[in-house]
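Feature list (source: TrEMBL):
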type     : residues : note
TRANSMEM : 6-23     : transmembrane segment
TRANSMEM : 66-88    : transmembrane segment
TRANSMEM : 100-122  : transmembrane segment
TRANSMEM : 134-153  : transmembrane segment
TRANSMEM : 165-185  : transmembrane segment
TRANSMEM : 191-218  : transmembrane segment
TRANSMEM : 230-254  : transmembrane segment
TRANSMEM : 260-278  : transmembrane segment
TRANSMEM : 285-309  : transmembrane segment
Amino acid sequence: MIVHVIETVLSLVLLIGVGWWIAGRPWCGKAGTDLFSKFTAKIAIPCYMFYNMLETCGTREELLSLFTSLPVPLFTIFCSLLLALVLVRLCRVEWGRRGVFLNAVTFSNVVIIGFPVVTSLFGEESLPAAMRYYMANTLLFWTLGVYLLRRFGGAGGPQTLGTTLRGILSPSILGMLAGLLVVLLELPVPQFLFSAVTTLKGTTTALAMVFVGCVIRGTDFSRMKLTRDLAVVVLVRLLLFPVFVGVLVAALPIDSLTKQVYFVFATMPAMTQMGIMARETGSDYEFAAVLITVTTILSMAAIPIYMGIVTHFHLFL
């Protein structure tokens with residue numbers, strides 16, 4: 001198992017390295033990075049979610065089972081948020097950074113990094129658990145998460161319903177909802193359409209990792225300083241939070257694979273959407289951008305370590 005984990009992570013790191021190299025070529029630049037970002041977020045991932053919904057919920061009964069299991073990941077993430085609320089006071093995080101701190105600790109980058117890592121580690125049988133966590137993660141981020149960014153930011157004013165709905169109804173969610181309607185209404189999917197979706201879905205992992213590499217290449221590391229707040233968030237996000245989630249899911253009445261999937265998601269970096277919303281809500285978006293980059297890089301090293309611990313001590317069995 002541990003050899004498979006290391007090989008999986010090295011494969012993803014290699015793809016990130018390709019993105020880093022491409023971003024430095026004159027024929028790529030910012031326009032190329034933007035293309036990777038837009039294609040991944042607006043085409044590849046929606047196709048990925050549509051395909052996953054059809055494969056994991058082929059019948060109405062399986063679809064019902066997916067939604068009736070949502071309280072478990074919602075409970076897991078909500079408990080993590082409560083822990084973060086305690087830590088933000090204990091660590092005396094600056095007011096303008098508190099919303100970023102809470103979001104960085106609580107919400108994981110499930111789509112761009114989480115899904116590729118989980119499916120590479122556990123195969124497509126892990127998709128039902130991954131889909132449930134993704135729905136809970138997305139719902140809570142665009143409601144509680146954005147509210148907290150606004151609460152501790154300088155934008156002021158209540159969050160509008162339109163902003164919330166636009167966030168929740170992202171292209172990836174719309175792809176999932178399209179698959180949900182197909183299953184719910186038992187609509188036949190033409191073979192040519194399914195083949196096209198399958199092909200586009202297959203590009204998700206490579207494009208997502210290449211995009212991450214492009215972002216890392218474009219980051220000005222000279223501006224990054226190891227502040228107390230940064231050190232605290234990184235330690236909590238990549239050390240305390242995974243341990244907390246691991247203990248929590250171990251006590252929950254769910255199957256072993258689901259426990260492992262939720263645990264792996266807990267080791268993921270901070271959500272990329274947090275950086276965008278931090279800027280819109282008047283929070284410290286530069287701090288958010290640094291956090292996203294640092295946790296993305298360090299999580300690649302943390303994943304094999306945590307999975308090695310899980311394998312060696314036979315956890316979640």
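Here the Cβ of each residue, glycine as well, is placed from N, Cα and C on the backbone.
For the transmembrane segment (6-23), the partner stretch with the most Cβ pairs below 8 Å, chosen from 100-122, 165-185, 191-218, 230-254, 260-278, is 191-218.
Taking Cβ pairs closer than 8 Å, the transmembrane segment (165-185) reaches residues 41-43, 45-54, 57-60, 62-63, 111, 131, 135, 138-139, 141-143, 146, 273, 277 in its own chain, all 6 or more past its ends. Sequence-distant contacts of the transmembrane segment (191-218), counting only residues of its own chain at least 6 positions beyond either end whose CB sits under 8 Å from a CB of the stretch, comprise 12, 15-24, 28, 30, 32-33, 36-37, 39-40, 43-45, 47-48, 50-51, 54, 111-113, 115-116, 119-120, 293, 296-297.
The list of residues near the transmembrane segment (230-254) in space but at least 6 beyond its ends in sequence, with Cβ under 8 angstroms from a Cβ of it, reads 72, 75-76, 79-80, 83-84, 87, 91, 93, 101, 104-105, 224, 262-263, 266-267, 269-270, 287, 290-291, 294-295, 298-299, 302, 306, 315-316.
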